Amino acid sequence: MSELRTLGEFIVEKQHDFPHASGELSSLLASIRLAAKIVNREINKAGLVDITGATGVDNIQGEEQQKLDAYANDKFKAALEARDQVCGVASEEEDEAVAFNKELNKNAKYVVLMDPLDGSTNIDVNVSVGTIFSIYRRVSEVGTPPTEEDFLQPGNKQVAAGYVIYGSSTMLVYTTGNGVNGFTYDPSLGTFCLSHENMTIPQDGRIYSINEGNYVRFPTGVKKYIKFCQENVPEDNRPYTSRYIGSLVADFHRNLLKGGIYLYPRTESHPKGKLRLLYECNPMAFLIEQAGGIATDGNQRIMDIKPTELHQRVPLFIGSTNMVKTVHRFLEQYPDEE
Ligand code: P6P
C-alpha cells in the first residue's frame with residue numbers, strides 16, 4: 001500500500017516549493033480544509049435532519065437560498081476569519097464583500113472569493129454538490145480594510161484555487177500554480193489523503209456537458225457544435241456522449257478525470273451567461289489550465305477578463321483543449337450578431 005500522504009503534510013511539503021513562503025498560504029489552505037470537513041459532515045446528514053429545503057430568503061442572484069447554502073457560507077467565513085491570513089471574503093451568498101475586522105485579520109495579506117455550496121438545489125435529490133474557492137493576494141495597503149479592488153482582480157492574479165466535491169466520496173482538489181492535486185476524505189481518520197497526484201485532463205474527450213433544454217436560444221455556433229457531437233463518430237469509434245449533472249463541480253470533476261467539455265453559453269434567461277466570473281469561472285479556469293486544459297468565454301481566456309462587478313456573469317467553455325478549440329471554430333464560423 002503506497003504511503004499515506006495527508007493534505008496537511010502535502011501543503012507543508014509543497015510550501016518548500018516557494019522558498020520565501022512564510023506559511024501563511026499553507027495555513028489559509030488548512031482553514032479551508034477544516035471548513036470542508038464541517039460542511040461535509042452536515043451534507044452527509046442532510047436527508048436526516050431538518051437542514052435541507054429553503055430558508056425562504058433569496059440571495060443576490062434572486063435564487064432561493066437553501067439552508068445548507070447559508071450553513072456552508074457561515075462555516076467557511078468563520079474558518080477563514082479565525083486565522084490571520086485573510087482580510088476579507090466575497091461570496092455568492094453575500095451581496096457585498098465582507099471585511100474581517102478582528103485584530104488578528106488586520107495585517108492579513110489574502111482575500112478569498114467563494115461559492116460556498118454550488119449546485120445546492122441538488123441537495124434534496126442527493127446529487128453531488130461542491131464548494132469553489134479562489135485566493136488572491138490583496139492589492140490595497142496591508143493594515144487597512146480590503147477594498148473592492150482587492151476582489152475585482154483578473155483570474156490570472158490568483159495564487160490558489162480549488163473545490164470540494166461532496167459526492168459518493170468527498171474530495172478536495174486544488175492548485176497553487178504548480179499542478180493540480182486531489183485528496184479524498186477518509187471519515188475513519190478524519191483527514192484528506194492524497195489520492196490523485198498531478199491531475200491532468202486528456203487533450204481530447206468524448207463527453208460534452210450542456211443543458212440542452214436551452215438549445216433553441218443557444219448561439220448558432222453552439223448549436224452546430226452539439227450537432228457535430230451527435231452526428232460525428234471520431235476515428236477511434238468512440239462516439240460523443242452527453243453528460244450533464246446540473247452541478248458545475250460534479251461535471252467539471254468528471255471531465256477533468258475522463259476528458260470532456262462543459263459549456264454554459266449565454267441563454268435567453270442569462271444573456272451574459274449564468275456562471276459567475278469571480279468565484280466559479282476563474283477558480284475552475286485556474287485549475288483546468290494547470291491540468292493542461294483551457295477555459296474561455298467563447299472569445300477570450302477566462303483568466304484575462306478584467307472584472308467590473310462582484311457577481312458578474314460570463315459564458316463558460318471549459319475542458320479538454322481540443323474540444324474547446326473545436327467549439328471556437330464553430331463560434332467563429334457561425335458568428336451571431338450581438
Ligand atoms: P442550469 C448550479 O446552479 C450552477 O451554478 C452550476 O453548478 C450548474 O452547472 C448550473 O448552474 C446549472 O444551471 O441552468 O442548467 O440548471
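Glycine is treated like the rest: Cβ placed from N, Cα and C.
Features reported for this protein in TrEMBL:
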- Glu92, Asp115, Leu117: Mg(2+) 1 binding site (BINDING)
- Asp115, Asp118, Glu280: Mg(2+) 2 binding site (BINDING)
- Asn211, Tyr244, Tyr262, Leu263, Tyr264, Lys274: substrate binding site (BINDING)
- 6-197: domain 'Fructose-1-6-bisphosphatase class I N-terminal' (DOMAIN)
- 201-331: domain 'Fructose-1-6-bisphosphatase class 1 C-terminal' (DOMAIN)
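The structure, with features from TrEMBL marked on it.
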{"residue": "Glu92", "record": "Mg(2+) 1 binding site", "Cβ contacts under 8 Å, 6 or more apart": "Asn59, Ile60, Gln61, Met114, Asp115, Pro116, Asp118, Arg276, Tyr279, Glu280, His311"}
{"residue": "Asn211", "record": "substrate binding site", "Cβ contacts under 8 Å, 6 or more apart": "Tyr244, Gly246, Tyr264"}
{"residue": "Tyr262", "record": "substrate binding site", "Cβ contacts under 8 Å, 6 or more apart": "Ser209, Ile210, Leu248, Asp251, Phe252, Asn255, Leu316, Phe317, Ile318, Gly319"}
{"residue": "Leu263", "record": "substrate binding site", "Cβ contacts under 8 Å, 6 or more apart": "Tyr208, Ser209, Ile210, Val222, Tyr225, Leu316, Phe317, Val327"}
{"residue": "Lys274", "record": "substrate binding site", "Cβ contacts under 8 Å, 6 or more apart": "Tyr264, Thr267, Arg313"}
Of the binding-site residues Glu92, Asp115, Leu117, Tyr244, Tyr262, Leu263, which ones put their CB under 6 Å from ligand 1? none
Tell me, how many other CB atoms lie within 10 A of the CB of Glu280 (Mg(2+) 2 binding site), whichever protein chain they belong to? 27
Looking at the binding-site residues Tyr244, Tyr264, which one has the fewest other Cβ atoms within 10 Å of its own Cβ? Tyr244
Reduced to three DSSP states, the domain 'Fructose-1-6-bisphosphatase class 1 C-terminal' (201-331) has 57 helix, 19 strand, 55 coil
What does DSSP assign Leu117 (Mg(2+) 1 binding site), in three states? strand
Over the domain 'Fructose-1-6-bisphosphatase class I N-terminal' (6-197), what does the predicted model average in pLDDT? 90
Annotated substrate contacts Asn211, Tyr244, Tyr262, Leu263, Tyr264, Lys274, maximal Cα-Cα distance (Å, integer): 15
